[in-house]
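Asker: Residues or ranges marked as active site, acyl-thioester intermediate by TrEMBL: A:C175. What TrEMBL lists as substrate binding site is A:R78, A:G79, A:G80, A:L81, A:I82, A:T83, A:F84, A:H85, A:A144, A:I145, A:G146, A:G157, A:L158, A:A159. Taken from TrEMBL, the feature domain 'BPL/LPL catalytic' covers A:34-214. Summarising the annotation, TrEMBL assigns site 'Lowers pKa of active site Cys' to A:K141.
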Amino acid sequence: MRGVRPVVEVVRLGLVSYPEALRLQQVYVDRHRSGAAHALLLCQHPPVYTTGLRHAPYPAALLDRLRLLGAAVHRTNRGGLITFHGPGQLVCYPVLHLAGFKKSVRWYVCELEKTIVSVCSRFGIEASTSPHTGVWVGDNKICAIGIHCGRYITSHGLALNCNTDMSWFGHIVPCGIEGKGVTSLSAELQRDVSVEETIPHLLDAFGERFDCRLTDAQTETDSRGSSA
Amino acid sequence: MAACGQFRSLSSNFFTVLPLLTRSVPLSPLRLASKPYFGRTLATSSRLTAALKFTDKHEWIRVEDDGIGTVGISKFAQEALGDVVYCGLPEVGTQLAQQDEFGALESVKAASELYSPLTGEVVEVNTLLADNPGLVNKSCYKDGWLMKMTIGNPKELDALMDEAAYERYIRSIED
């Protein structure tokens, strides 16, 4: 007889700064210590460039140049290289305990990719994966992925371009991959696709792919129909 | 840099072509002569100090004759990670308590933390991994070792799994 599907609490943070989102992720990571309490944080960030565990390619001088553009800059301990987060981009941080799913980071990242491919397909966009982690429409990346895993607890996550101002990506080699571009749901469909419109599709696809039950956290914004 | 590259290719040839001459290989020549080698099991040496012990986080430690422990991750772990593209390892001299985070491996855009199997001090890290992180996948028990450490509290070894217990542990996870 199959086990009960894991429950994942959806937490809609709205527009939050990157450091604030890191702080909140840590709260949910710590929460796992007192029993499985998976969470899915949804948010948008003010413009910010972030780098990962491999920070050697990004010296302080380069990061300072990015700050002059008016963006924040953060070094992190996630996997993946440099990327951009900003308004119009749906950022999703699943804080899961992989013991409740499958204890394989490779499996987890693959399932995240498949979730986004499914979201794109619901919009009529044919997306795909490649040896470069992330989700692509042709040669253009529509969703970046960068994860951290400690004691099977995941943090960081994915960033799906909905109606992001793509010009911010022009100042970096996104994820360190030369010769490829970036795209968004809006760019692919030639109409405005907002983060709000995308969220229900992401939650549906995530629930299906990870075979879990999503619940909404009771927050103040929920009562008015939250926007992330 | 060129000298390092030459050294690297020299030492990896040495390991793959002449395995029986290297002390770090757990197979004992006596055992090889007397018994057929059965695929999946790691052959353990008759010298107890060269046997691998495993943690529940899939790290292994092998105590060498000089009392230094070599640390790496298991085949199960490297398969679950995917192709390793970067190894974040500690500085030599770092003091670690058992289960302290000592570094991270990056694969498929995921950084996975590494935890110290024992209490001790880092005496060496595998510098070959800087240019060749894939060794962790290709040769997780040999050339892909991560670090070497002193054994501050030998009793901690008793709590780790031997190879047979670890194989059982993996089977229980996979179910």
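A Cβ is built for glycine as well, from the same backbone N, Cα and C atoms used for every other residue.
All annotation found in TrEMBL is predicted automatically rather than curated by experts.
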Asker: Using a Cβ cut-off of under 8 Å to chain B, which of the binding-site residues A:R78, A:F84, A:G146 qualify?
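Answerer: Going by the Cβ criterion (under 8 Å to chain B), the qualifying binding-site residues are A:R78, A:G146.
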Asker: What three-state class does DSSP give A:C175 (active site, acyl-thioester intermediate)?
Answerer: helix
Asker: Ranked by the number of other Cβ atoms within 10 Å of their own Cβ, which of the binding-site residues A:A144, A:L158 ranks first?
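Answerer: Sorting the candidates by Cβ neighbours within 10 Å, the top entry is A:A144.
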Asker: Where among the recorded positions A:I82, A:C175 do you find the Cβ with the fewest other Cβ atoms within 10 Å?
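Answerer: If we count Cβ atoms within 10 Å for the recorded positions A:I82, A:C175, the smallest count is at A:C175.
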Asker: Reported as an integer number of Å, what is the Cα distance between A:I82 (substrate binding site) and A:K141 (site 'Lowers pKa of active site Cys')?
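Answerer: Just about 13 Å between their Cα atoms.
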Asker: Among all protein chains shown, how many Cβ atoms are found within 10 Å of the Cβ of A:R78 (substrate binding site), not counting that one?
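Answerer: Around the Cβ of A:R78 (substrate binding site), 23 other Cβ atoms lie within 10 Å.
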Asker: What's the CA to CA span in angstrom from A:F84 (substrate binding site) over to A:K141 (site 'Lowers pKa of active site Cys')?
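Answerer: Between the alpha carbons of A:F84 (substrate binding site) and A:K141 (site 'Lowers pKa of active site Cys') there are 12 Å.
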Asker: Of the recorded positions listed here (A:R78, A:G80, A:L158, A:C175), which is spatially closest to A:K141 (site 'Lowers pKa of active site Cys') when Cα positions are compared?
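Answerer: Result: the closest of the recorded positions to A:K141 (site 'Lowers pKa of active site Cys') is A:C175.
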Asker: Taking only the Cα atoms, work out how far A:G80 (substrate binding site) lies from A:C175 (active site, acyl-thioester intermediate), in Å, as a whole number.
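Answerer: Spelling it out, the Cα of A:G80 (substrate binding site) and the Cα of A:C175 (active site, acyl-thioester intermediate) are 6 Å apart.
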Asker: So what sits near A:G146 (substrate binding site) in its own chain, CB-to-CB under 8 Å and at least six residues off in sequence?
Answerer: A:T50, A:G52, A:T76, A:R78, A:G79, A:G80, A:T83, A:H156, A:G157, A:L158
